[in-house]
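Annotated domain 'Malic enzyme N-terminal' per TrEMBL: 158-339, in sequence order. Taken from TrEMBL, the feature active site, proton donor applies to TYR181. Taken from TrEMBL, the feature (S)-malate binding site covers ARG234, ASN489, ASN533. What TrEMBL records for GLU324, ASP325, ASP348 is divalent metal cation binding site. Summarising the annotation, TrEMBL assigns domain 'Malic enzyme NAD-binding' to 349-602.
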Amino acid sequence: MGHWCLSNLGFSGCCGTNSSKRKISKDQHYNTGEDKKVIGREMESTLKALRDGESVLDLSPRSTVSGGVEDIYGEDRATEDQLVTPWIFSVASGYSLLRDPQYNKGLSFTEKERDAHYLRGLLPPTVSTQQLQEKKLMNSIRQYQVPLQKYVAMMDLQERNERLFYKLLIDNVEELLPVVYTPTVGEACQKYGSIFRRPQGLYISLKEKGKILEVLKNWPERSIQVIVVTDGERILGLGDLGCQGMGIPVGKLALYTALGGVRPSACLPITIDVGTNNEKLLNDEFYIGLRQRRATGQEYYDLMHEFMTAVKQNYGEKVLVQFEDFANHNAFELLAKYGTTHLVFNDDIQGTASVVLAGVVAALKLIGGTLPEHTFLFLGAGEAGTGIAELIALEMSKQTKAPIEESRKKIWLVDSKGLIVSSRKNSLQHFKKPWAHEHEPVNSLLEAVKVIKPTVLIGSSGVGRTFTKEVVEAMTSNNDKPLILALSNPTSQSECTAEEAYQWSEGRAIFASGSPFDPVEYKGKVYASGQANNAYIFPGFGLGLVISGAIRVHDDMLLAASESLAKQVSEENYKNGLIYPPFSNIRRISANIAANVAAKAYELGLATRLPRPQNLVKCAESCMYTPVYRNYR
C-alpha cells in the first residue's frame with residue numbers, strides 16, 4: 001500500500017490530514033513570506049475587472065472547508081490489493097451484482113466469488129481474466145467501420161462494466177480517445193436523441209427551478225469531487241445542441257478518470273436545459289430536451305445561480321465545477337461571477353489557453369527566440385481565442401516583468417469583422433476590448449498576416465478551411481519556420497488540415513491541431529503533427545485541485561500546468577517536429593501536472609489538505625483510480 005495513502009481516515013486524494021478543517025476569513029489565508037512575494041507580483045486576467053477588482057485570493061468569509069472523501073469503493077491505486085465489499089444499499093449479490101457496472105466483472109468472477117455472492121448458474125462456467133476480456137472487446141470494437149458505432153459500443157460497456165471500460169480506454173488511449181471524445185463525440189451529440197439508451201448524469205431544466213437542491217440529492221453518490229456542466233449552447237464547433245450536449249460532460253468526465261485518475265464515483269455530468277434555438281432539434285420527434293426557445297437574461301442567470309448555490313450547499317467548498325461549451329456571453333459572465341466564491345474552471349477559456357501556451361513554449365526550441373520576441377495573430381476572438389491570448393500575455397509579463405498591457409500589444413486578434421483595432425472599441429464585447437490596438441482597419445485574415453507579419457498563427461474560429469493556401473504561403477514568406485495551430489473542433493471545422501499546412505509551407509511549418517490528423521508524407525519525408533488537445537491539461541489540472549483540496553482556481557495554476565506539460569516534450573519528440581508528448585504517457589504527464597498545480601495552490605494559500613505532502617508527484621500517482629478488478633469478500 002502506498003505510504004501516502006491514508007484512505008481509512010477519510011481523506012480525499014489520499015494525501016492529506018484532517019487538520020485541514022480550518023475556517024478561512026477574507027483577511028486570513030495560509031501565506032508564508034515567500035507566498036506574499038508571489039502574490040505581490042501576481043497578474044490576474046481581465047476577469048478581475050469584471051469582478052470589480054475582486055481577486056480569487058480574496059476568500060469570502062462565507063467559505064467553509066469540509067472534510068475529505070473516503071475511498072469506499074476501492075478505486076485508487078493505493079487500494080488495489082485490499083479486499084472490497086460490494087455495497088449498494090446492502091451487500092450486492094446475485095443478479096443485482098451482475099447489473100451493477102461499478103462492481104460487475106462478467107466472466108472474471110472467481111469460483112469463490114460466485115459461491116459467496118450467489119452467482120452460480122447466472123454465468124457460464126468459464127472463468128476469464130480481465131486481460132482476455134479486454135482483448136476480446138478490442139477485437140470487437142475494431143470490427144466497426146463507423147466511428148459512431150464504436151462510440152455506442154464504448155458507452156454500452158461503460159454502463160455494463162465500468163472497470164473494463166476504463167481498462168480499455170487507459171490501455172488503448174491513442175486509439176480510443178478520438179472515439180469517446182472529439183471528433184466522434186460531436187456526431188454523438190448531434191444524434192444523441194436517436195442513440196439515447198439510458199440516462200447518464202443529471203438533467204436540470206427550467207421545470208426544476210426552485211427544486212435544484214432536491215434534484216442533486218437524487219444522484220446516488222454523495223462524495224462528488226468534479227462536476228462538468230454544460231447548457232449545450234455552443235457544442236464544439238457545432239453550435240446549439242440543447243439538451244443533447246450531455247455527451248460532452250459524459251465524455252470529459254470519462255477522460256478525467258482515464259487520463260487524470262479521478263474516481264468515477266466522484267464525477268458528475270450535468271446538463272442545464274433552458275431550451276434550444278436549433279429549429280432542427282425543436283422539430284425532431286426524437287429530441288430529448290425542452291421544446292422551447294432558449295431562456296435568456298434574468299431567467300437564465302437566476303437558474304444558474306440556484307444551481308451554483310445548490311452545488312456548494314450539497315457538495316461543499318472543494319467540489320470543482322467545470323463550465324463546458326457555454327456561449328461566449330454566458331461563459332465569461334459565469335466565470336467572472338463565481339470565480340471568487342466557488343472552485344470553477346472553464347475548459348474552453350482556461351484549459352484551451354493552458355494547452356496552447358504549453359505548445360507555444362515547447363515550440364520555441366524549434367522556431368527559436370523567447371516568448372516575448374514573437375508576434376501572435378489569432379483567427380477567432382471568442383472564449384478560446386481571448387483565453388489563449390490572455391494566458392500568453394500573462395506568461396510574457398511574468399518573463400519580462402512588464403505590465404500585462406504592454407504584453408498584449410504583441411498579440412492581435414481577427415474576428416468576423418476583421419482585425420480588432422481601437423477604432424472599433426465602442427462596438428466590441430467586453431472580452432475583446434483589451435485586444436483593440438492602434439492600427440488601420442484590416443478586413444481579412446490574409447491582409448492581417450501581410451501587415452502584422454506574425455510568427456505564430458492560431459485558429460480558434462470554429463470555421464473550417466479558413467487558413468487558405470494564400471494565408472499559409474504568406475506566413476511562410478515571413479518566417480523560416482512558421483508556427484501554425486488550427487485548433488477548431490471537430491475535424492471538419494479545423495482551419496486547415498495537416499497535409500495542407502505541410503504542402504503549402506513546403507514542409508517548413510510547425511503544425512498542431514485540435515483534432516487528430518494522420519502523419520503526412522511530403523517530398524519523401526513523413527511529418528507527424530501534434531494535437532493541441534485539452535485532454536493534456538484538464539484531467540491533471542483537476543487532479544491537482546483535488547489532492548491539494550484547493551478552494552479557488554488562480555491564473556498562476558494554469559501557468560503551472562502549461563509549464564509542466566511543455567517540460568515533458570522529449571528530444572525525440574522535437575526531432576519528429578512534435579510540440580506535445582505522445583498520449584501513451586498521459587497518466588505520467590497528468591501526475592506531473594497535478595503536482596505542479598497542487599504546489600501552486602499551496603504556494604498561494606488556496607490549498608486545504610494539510611500538511612502538504614513532501615512528494616506531490618508520488619501523492620498524485622497513489623491517488624489515481626486504477627481499473628484493475630478488485631477481489632470481493
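Cβ coordinates are placed from backbone N, Cα and C, and glycine is handled just like the others.
Cβ neighbour counts within 10 Å, taken over all protein chains shown, single out GLU324 as the most crowded of the binding-site residues GLU324, ASP325, ASP348. Closest to ARG234 ((S)-malate binding site) by Cα-Cα distance, out of the recorded positions TYR181, GLU324, ASP325, ASP348, is ASP325.
Rounded to the nearest whole angstrom, the C-alpha distance between ASP325 (divalent metal cation binding site) and ASN489 ((S)-malate binding site) is 12.
Residues listed for (S)-malate, ARG234, ASN489, ASN533, cover a largest CA to CA span of 18 Å.
Here TYR181 (active site, proton donor) is compared against the binding-site residues GLU324, ASP348, ASN489, and the shortest C-alpha distance is to ASN489. The distance from the Cα of ASN489 ((S)-malate binding site) to the Cα of GLU324 (divalent metal cation binding site) comes to 14 Å. Summary: among the recorded positions (TYR181, ARG234, ASN533), the fewest other C-beta atoms within 10 A of the C-beta are counted at ARG234. Cα of ASP348 (divalent metal cation binding site) to Cα of ASN533 ((S)-malate binding site): a span of 11 Å. Over the domain 'Malic enzyme NAD-binding' (349-602), the average per-residue pLDDT in this prediction is 96.
In this structure, the C-alpha atom of GLU324 (divalent metal cation binding site) lies 15 angstrom from that of ASN533 ((S)-malate binding site). A simple way to gauge crowding: the CB of ASN489 ((S)-malate binding site) has 24 other CB atoms within 10 angstroms, across all the protein chains here. For the divalent metal cation site, the Cβ centre of GLU324, ASP325, ASP348 serves as reference, and the other residues of the chain with Cβ at most 8 Å from it are THR230, ARG234, ILE235, ILE248, PHE323, PHE326, ALA331, ASN346, ASP347, GLU383.
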